[in-house]
Amino acid sequence: AWGIICLSLAFAWQLYTIFILVRLHELVPGIRYSRYLQLAIVSFGPKLGKLLALFPVMYSSGGACVIMIINGGHILDLLFKTICDHEAICHVQSLTRTEWFLVFMCVAILVAQLPNLNSMVGVSLIGAITAIGYCTLIWVLSVTKGRPTDISYYQFDVAKSNMEKIRDKLNALGIIALAFKGHNLILEIQGTLPSNQRHTSYKPMCTGVTISYIVIAMCQYPLAIVGFWAYGNKVPISGGLLSAFSQIHGANISKLIMGSIYLLVLVNHLCAFQVYAMPAFDNLEMRYTTKKKKPCPKWVRTCLRIFFGGVTFFVAVTVPFLGSLALLIGGMVLPMTFAYPCFMWIAMKKPRPNGVVWSINLGLGCLGIVFSVLIVIAAAWTLADKGLNANFFRP
């Protein structure tokens, strides 16, 4: 019950901040703020805006792509072993994890030749359909197969101190909060919609956000409820419900269904890579056009995207344990989702001080900053207590 309450509060909170960003996109007639960093600079000033928003925006794009290469390489490995029945049928040895990373990155960069977000409607649609597909398959099959007899919904270590229990609860809240990301892309997506003084992009963007988040809720809530009911404490620390499902029910599921789930996850990661990488592509192309004073040719665009893919692949191989740092680094960028939009609203809309709107936004913004600090402290405490398998260059 507490998990669902916290998930619902986080869902409503981040949805509120999304609508703030959608409203601020065209707050000034004739000006469209299509970049999160641009809106932060206008709201907080050039120095403070860059200081607050530059790292979160860079990590949300580049870091997400690195995580997708790591996860995508792992899914490719699982898909190969599922199809080949752990090499019993194919008699071919699986690639190393680094080689799977390279395969995923090459396919992702090959797909990433679309020029901008306007041309990525089909890719986004495929990504959404595959996400709905694998989420639905996992929770429906989990219900169908039933619960293992030895699961528990309680912690085994009853000797934990109160402070350690508080740390665990903060880590759990951090995991829930990090399920919602992508605020850095909201303004860019809205920037692709047509707009004029009579018909701005506000209403169609609100409609799109509403429909998309209804679909997201239809995926997340069944997955969270059924996942907890079906697996309880059997969910591994890394890998989530997909790992729990494959470990517990994989032997009783046909290769066709398991392979389909892995394939859907893989296609979703490839599509998501394009969307999260697009701000980085745009930034690289903007720097080229600014320096050369001419449009970016197609061959230069291709080279820049190959360069970005090479950098993210190098980081994935260098720091394959980046997922273990997700709470620590993710906690640092949480204000971009839960706090900064509230402060942007106060700075740009200038509501009446001490009024209801001013108080709500100030309260949520401050709460978001405090929440972020607590998540970072809890994550750092966990790493200091349990250690970190820092397997540099050894995926």
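Any Cβ shown, glycine's included, is placed from N, Cα and C.
Curation does not apply to TrEMBL; its annotations are automatic.
Database features (TrEMBL):
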type	residues	note
DOMAIN	3-381	domain 'Amino acid transporter transmembrane'
TRANSMEM	6-24	transmembrane segment
TRANSMEM	61-80	transmembrane segment
TRANSMEM	100-117	transmembrane segment
TRANSMEM	123-143	transmembrane segment
TRANSMEM	211-231	transmembrane segment
TRANSMEM	261-281	transmembrane segment
TRANSMEM	302-322	transmembrane segment
TRANSMEM	328-348	transmembrane segment
TRANSMEM	360-384	transmembrane segment
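Put simply, of 61-80, 100-117, 123-143, 302-322, 360-384, the stretch with the most CB pairs closer than 8 A to the transmembrane segment (6-24) is 360-384. Of the two recorded stretches, the transmembrane segment (100-117) lies close to the transmembrane segment (261-281), with three or more CB pairs under 8 Å once pairs fewer than 6 apart in sequence are set aside. Among 61-80, 211-231, 261-281, 261-281 has the largest number of CB pairs under 8 A with the transmembrane segment (123-143). The listed stretches are 211-231, 261-281, 360-384; of these, 261-281 has the most Cβ pairs under 8 Å to the transmembrane segment (61-80). 328-348 is the stretch from 211-231, 261-281, 302-322, 328-348 with the greatest number of Cβ pairs below 8 Å to the transmembrane segment (360-384). Here the transmembrane segment (328-348) has long-range neighbours at 13-14, 17-18, 20-21, 23-24, 27, 36, 39-40, 42-44, 52-53, 55-57, 59-60, 63, 174, 177-178, 180-181, 183-184, 322, 357-358, 361-362, 364-369, 371-373, 375-376, 379-380, 383, meaning same-chain residues at least 6 beyond its ends whose C-beta is under 8 angstroms from one of its own.
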